[in-house]
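The compositional bias 'Basic and acidic residues' annotation in TrEMBL covers 1-20. Annotated region 'Disordered' per TrEMBL: 1-38, 61-132, in sequence order. Taken from TrEMBL, the feature compositional bias 'Low complexity' covers 75-86. Feature annotation from TrEMBL assigns compositional bias 'Basic residues' to 87-109. Under the heading compositional bias 'Acidic residues', TrEMBL lists 117-128. Residues or ranges marked as transmembrane segment by TrEMBL: 149-179, 199-217, 223-242, 254-273, 312-332. According to TrEMBL, the feature domain 'RING-type' maps to 369-407.
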Amino acid sequence: MKLRVQNDRPDSKRALKLRESPAVMQPNPSERGVLAGNGLSLNLQPELLTGTPFTATAAAASNADSSEVRVSMTGASGDSNGGASSRRSRVNSHTHSHAHPHSHGHSRGQLHSNSEPELDPPDPDGDSGEPSASLTELRCLFRWIQKSLPFLVILCAKLVIQHVLGLAVGVGLLTTFLYVNKNIQTQVFLQDRHSKLRCIWLLVFLISSTLLLYYTFLSETLYFSLIFLSPTIEPLGFWEILWAVGITNFIIKFLFMGIKCLILLVPSALVTYRTQGRWLMLTEELGQVHQATAPVPLWFRYLVSYQESDGVSGLTTGVLLALFYLILKLLGLYNQRTSLLKTVRIFLAGEHTGSAATRAQCSEAGDVCPICQGEYRDPRVLICQHVFCDKCIALWFNREKSCPLCRTVITDKVYKWRDGATSPHLQIY
Ligand SMILES: [Zn+2]
Ligand SMILES: [Zn+2]
């Protein structure tokens, strides 16, 4: 068995390599290379290993002839507890005591060894003790979790049973959202071939889901949250706030998805594909602003509320927390404002990718659009001189930034909401 300690650079990590080798005393040529450089080799002699090899007390002696340090191991019973950590610290301290002279470029003749590794001064950077200590703590934590897992499962089950109605409504809303979102995207993608009937169905589905929900919980007046008022839920605790905020978030999504359905219902003779995309993008941006602002009054009210028994300190803490929340919210809204302004600018100015292609440019490109493989309709030429139909390339840039043929970057940002998608992000605060 051979233990090799490499120390190629002063700050490098020491690599420990353990492997079986019959020739204990004779290092192979490659190891000689290591020794000639900045390396150090520790040979553990199997014939000297008695008892448990690695819990043994190490007694090291340097061999001047071969520049190898042989570590003789003698068995020591009663050291089995915490053997792993003590072994590691010993090996580490041993490594440091020998590796240090090398790191300063001393010759191998100056190699010294310490016959009492346990008495080595503690490592200045302490890297030998800390990992094992934190590992033990982690192990303790893991064991605690493992022990209390059954109780945690029982607690979770109780929580689920208590809020079974809320969870069921949540799953229902999420399914509705995913279904309608996917369908709107498909209808936008189909362009002229989209089905008006399908759009009407989606609209009816959204309206009926919303009305059913609000009718079921009529007494809670959850719809007040849509217009920044507090619903009449008493008492307004944490779970009630979470419930109202979650429902409101989904309903706002539904509302703006309904508007998108209406945009799709506008006859294509009146609105071009690009104009439709701009309307969809603006709708989504406005929807996101509404989603971000709707929960503010609810959380604000929750944070400032306090018990009579809390007194002045309770009120002060509540107001402070509410102020912090408002600052956090304003910072978030400021970031959103930049995105909204950009969208409004694009919406008002309109945007066209590239410029109108001439007859000559089209024939040079082969008179066939590389995307739809048909004749050019309203051809546009990009800065890379590739020509596409206006609709085809508009559809492409709903998701991509670069030319589909040569990958030249054409736009710096993808305005993905032009494809009719609604962000699935659940705005809970
Ligand atoms: Zn085309
Ligand atoms: Zn190109």
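The backbone N, Cα and C atoms fix where each Cβ goes, and this holds for glycine too.
Listed stretches 149-179, 199-217, 223-242, 312-332 were compared with the transmembrane segment (254-273); the greatest number of C-beta pairs under 8 angstroms is found for 199-217. Taking DSSP states H, G and I as helix and E and B as strand, the domain 'RING-type' (369-407) has 7 helix, 7 strand, 25 coil. Here the domain 'RING-type' (369-407) has a mean pLDDT of 91 out of 100.
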